[in-house]
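Novice: Here you go, one structure.
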Amino acid sequence: MVQLVGSLRKELAESLYTCKVLVVGAGGIGCELLKNLVLTGFKNIEVIDLDTIDVSNLNRQFLFQKKHVGKSKAQVAKESVLQFCPSANITAYHDSIMNPDYNVEFFRKFMLVMNALDNRAARNHVNRMCLAADVPLIESGTAGYLGQVTVIKKGLTECYECQPKPAQKTFPGCTIRNTPSEPIHCIVWAKYLFNQLFGEEDADQEVSPDTADPEAAWNPEEAAARASASEKDGDVKRVSTKEWARSTGYDPIKLFNKLFKDDIMYLLTMDKLWKKRKAPTPLDWTQLENKASPPEESPASGLKDQQVLGVWGCCQLFKHSVETLRSELREKGDNAELVWDKDDPAAMDFVTSAANLRMHIFSMNMKSRFDVKSMAGNIIPAIATTNAIIAGLIVLEGLKILSGELESCRTIFLNKCPNVRKKLLVPCVLDPPSKNCYVCASKPEVTVKLNVQKTTVLSLQDRILKERFGMVAPDVQIEDGKGTILISSEEGETEANNSKYLSDFGIRNGSRLQSDDFLQDYTLLINVLHTEELERDVEFEVVGEAPDKAPPPQSNPEEVNSITNGNKDSAQPSTSSKAPADEDDLMIVDSDEEEGAPSSSATVTSGTKRKHSDLDSDKSSTKRPRTDPSAAAGDEDDDIIALD
């Protein structure tokens, strides 16, 4: 007769007492997950999160209260969960999971790793660390009413990076407010600015500099001090953006100087943000007006909406749109609100001009009104009940793994509406590893198409190896028979190479580069394919993949709806050949088929690595161990801006 301890078999219940699990992220999913783990019987838990608690978290991250604002999420989550189960042994880290201290040996301590993250960079990193440590990983994500849970096990299932992913559609709030690096970040910021000034204010849509940005203060105490500088017992006193704008009479020039000069100058005081980034350049209305040249008589070619305005042109558009929106507000009466609509000319002009000015400030190529309109979308709300359901599914999959029933694990999709079989939860069989995966294949290899005469070493390092292929701190050598070191993770060792072009080192069509990341225990062989025919503003292409585009739709008798831009009401059928595209980079399906296994769900920011003495390898290396602390992406699930 089977002996039970509560609802679990005695053997399984006993294993929960002894096994050690790691939870990465203490946000929306993380809070629910930690509570579930201790109530299920897990006794040894470690949780890591770099973020601090913000007022906007309190509506869904129930382990936090008003008095906790500005404090470490991981530490407060630990204290709150211990009230459910005081006998649990919980260790909290207010840190980034991409810190080199959390190496392969650290991951080997755990029987299970559970992700509750909000960004692809950290997801990719944890995926690689779990592969290197051969530890099962449970990946998860939510987007409004949609959610997904999947299991990743080295050699048995697809890893997180087996399938190409479309461009990330979700971004941490600090990226939008402090360190935008892509036009879409600026467009989201401009949409939020519209709501803050003219529409319904939302704490999740703040646009002013984020003083609690964890990357701006590596010291946990400093991060908490930033967040709580003007608060007492969590009661943060804030000046409403709308109230300030009203006090100026919605003066467009005062608004301009506040948003594009004063706020940017404040960001520059957060100097840690700009150690490895190009600092933004503030704009001043008077200076721009004095420099402005008279308009040319000859009209620009092409349709008006497809023309890219200059900086002063955007300034004038900003001024005109603010004046128009101000008039619309006054016509509606006191306490009126406007609703952003991409088909409203004034609203679209405002977002186009504000986004482009911010792009210019952060050294990005500006976009046409047509491009901005096509990229702008709605916002996927964070739903507490979705997080709760997904956290419960994570624990159920974890129990299967601890019971030795890995073959019964599934990728499970949570849909907004029941499918044809009236199911909200759709399980799918896990796919085997992809033979062409550039992460978990036996010998990872890719072919990259680029112009060797225009691609710099720094671009290879930052844009291709770190941003596209998710390495933390790559070492690169040219396979030229001499083992020429092109990039070294040792600070300053190859810095002189950064501004040089690949062709300066004899790299040409057919050259091969070997890139090693010792922290991730990961080696990637890169075949260089020289071309002079890349599209405008495209620096490189990965042959055989379209990393910035969703895979083509597959024929299916059921309606296929994408959540990429949030204008669909239901989730969509999918198989593993489809790349995820939602709030947490996951593909959501609405299918009753349980045979096709949709892909699991995550790329990396800068950090550093070191060689681990215990790593078994049949390859010798001339590279020496390296360490170099650096900040990385935040490890929180729900304090994000999600595009829909």
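Residue numbers in this text run from 1 along the chain shown.
Here the Cβ of each residue, glycine as well, is placed from N, Cα and C on the backbone.
Okay, these came from TrEMBL:
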- 8-410: domain 'THIF-type NAD/FAD binding fold' (DOMAIN)
- K191: SUMO cross-link (CROSSLNK)
- 203-241: region 'Disordered' (REGION)
- 214-228: compositional bias 'Low complexity' (COMPBIAS)
- K258: SUMO cross-link (CROSSLNK)
- 448-535: domain 'Ubiquitin/SUMO-activating enzyme ubiquitin-like' (DOMAIN)
- 545-638: domain 'SUMO-activating enzyme subunit 2 C-terminal' (DOMAIN)
- 545-644: region 'Disordered' (REGION)
- K623: SUMO cross-link (CROSSLNK)
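Can you tell me where each of these features sits in this structure?
Specialist: Per-residue confidence over the domain 'THIF-type NAD/FAD binding fold' (8-410) averages 87 (mean pLDDT, predicted model).
Counting only same-chain residues six or more apart in sequence, the Cβ atoms lying under 8 angstroms from the Cβ of K258 (SUMO cross-link) belong to W244.
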Novice: Give the residue counts of the domain 'Ubiquitin/SUMO-activating enzyme ubiquitin-like' (448-535) per reduced DSSP state, in the order helix, strand, coil.
Specialist: 19 helix, 28 strand, 41 coil
Novice: Would you mind checking how many other C-beta atoms are within 10 angstroms of the C-beta on K191 (SUMO cross-link)?
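Specialist: I get 27 for this one.
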